Amino acid sequence: MIIIVIFLMCLKIVLNNIIIWSTLNQTVFLNNIFTINDTYGGLFWNTYYDNNRSNFTYCGIAGNYCSCCGHNISLYNTTNNCSLIIFPNNTEIFNRTYELVYLDKKINYTVKLLKSVDSPTITYNCTNSLITCKNNNGTNVNIYLIINNTIVNDTNGDILNYYWNGNNNFTATCMINNTISSLNETENINCTNPILKYQNYLSTLFYIIIFIVSGLIIGIFISIISVLSIRRKRKKHVEEIESPPPSESNEEDISHDDTTSIHEPSPREPLLPKPYSRYQYNTPIYYMRPSTQPLNPFPLPKPCPPPKPCPPPKPCPPPKPCPPPKPCSPPKPCRPPKPCPPPKPCPPPKPCPPPKPCPPSKPCPSPESYSPPKPLPSIPLLPNIPPLSTQNISLIHVDRII
């Protein structure tokens, strides 16, 4: 019940508010729909503008004639039934509400200016698949969107939005009209390559950066895995090279295993080569005796140290000076002075001792003589066993060759 009352009230408000569109210099007729009783002849026309209400004119009926007073006769006039006639020779009368009041009854007329339309604006966005039609100037307009000669959407507002799907290459026409004019605008839409049509290039740049960073991260991850794998293989190879050679007992066991590797497989033994075998199916078999010599070569003999240099000879001492002659006494004649003795010769320098001979280097051990491998025993094959060349097995597995 409450819903019905609200609906009737809204319907009454809508029916009592009438919008009239008119152009400049076009006569506007506001009809009086009330039946006026001669006993109650008072009737009012009021105006509303910018939420301000003012009394426009007062009318009274005497007999069948309506007489009004208080209005501008150059813009307004009344008929015999008190209907209002407007002469819109300027824009002052537009965007106003004229209220007709009789007793407890009211009706509102809103007069709006009707403008001719301009060419609409049509835009599209390939990223969102959106077409937009926009009104630029006209009033009381209807907008229609036509795609491939078919109306797909319409509105009586100023903006029309439409999302399309499916085809990315078509023709769109935006048509706008009202009661006095009509115009349209056509656009050829081509979104077959959205990457080149993006209007929001920041989103495209964002995705490109994501792809580049992801590729770099994947490349770095693969490089790290490759480097670790190479280091692991290299370390394993170095450990195999630096491992000690097998002893003689192991050599005999290995040679014995090589010569007796032909056997019938047990039911539980798979007819497949050992893992990491260096030989594949149907390949020739080579026998090689492991070398017993160490991998490292014999050290070279140490060189002889150089002989110590001889010390320099000591210098000779200087000769002693001759003593002065003694003075003569007066009666005796003076004797000639004795000659000075010759200086003693310097002793010859001691000869340098001969250098010590180098100790003889230790003789290298004689290399082990090579002995030919033992011949394989001839084992006769049964008639129903096919030759070895047709069997998909590896007879001898050499896990390591030095």
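Cβ atoms here come from the backbone N, Cα and C positions, even for glycine.
As annotated in Swiss-Prot, N-linked glycosylation site applies, among Asn108, Asn392, to Asn108.
Swiss-Prot names the disulfide partner of Cys174 among Cys126, Cys133 as Cys133.
When Swiss-Prot is consulted, the disulfide partner of Cys191, picked from Cys82, Cys126, turns out to be Cys126. Looking at Asn77 (N-linked glycosylation site) and Asn25 (N-linked glycosylation site), their Cα atoms lie 15 Å from each other.
Among the glycosylation sites Asn25, Asn95, Asn125, Asn148, Asn153, not one has its Cα within 10 Å of the Cα of Asn177 (N-linked glycosylation site). Nearest to Asn148 (N-linked glycosylation site) in space, judged by Cα atoms and limited to the glycosylation sites Asn52, Asn95, Asn108, Asn125, Asn184, is Asn184. A C-beta separation below 8 Å, combined with a sequence spacing of at least six in one chain, links Asn25 (N-linked glycosylation site) to Pro88, Asn89.
When the alpha carbons of Asn125 (N-linked glycosylation site) and Asn95 (N-linked glycosylation site) are compared, the span between them is 37 angstrom.
As a summary of secondary structure, the repeat '9' (350-355) carries 0 helix, 0 strand, 6 coil according to DSSP. Mean pLDDT for the repeat '2' (308-313) in the predicted structure: 77.
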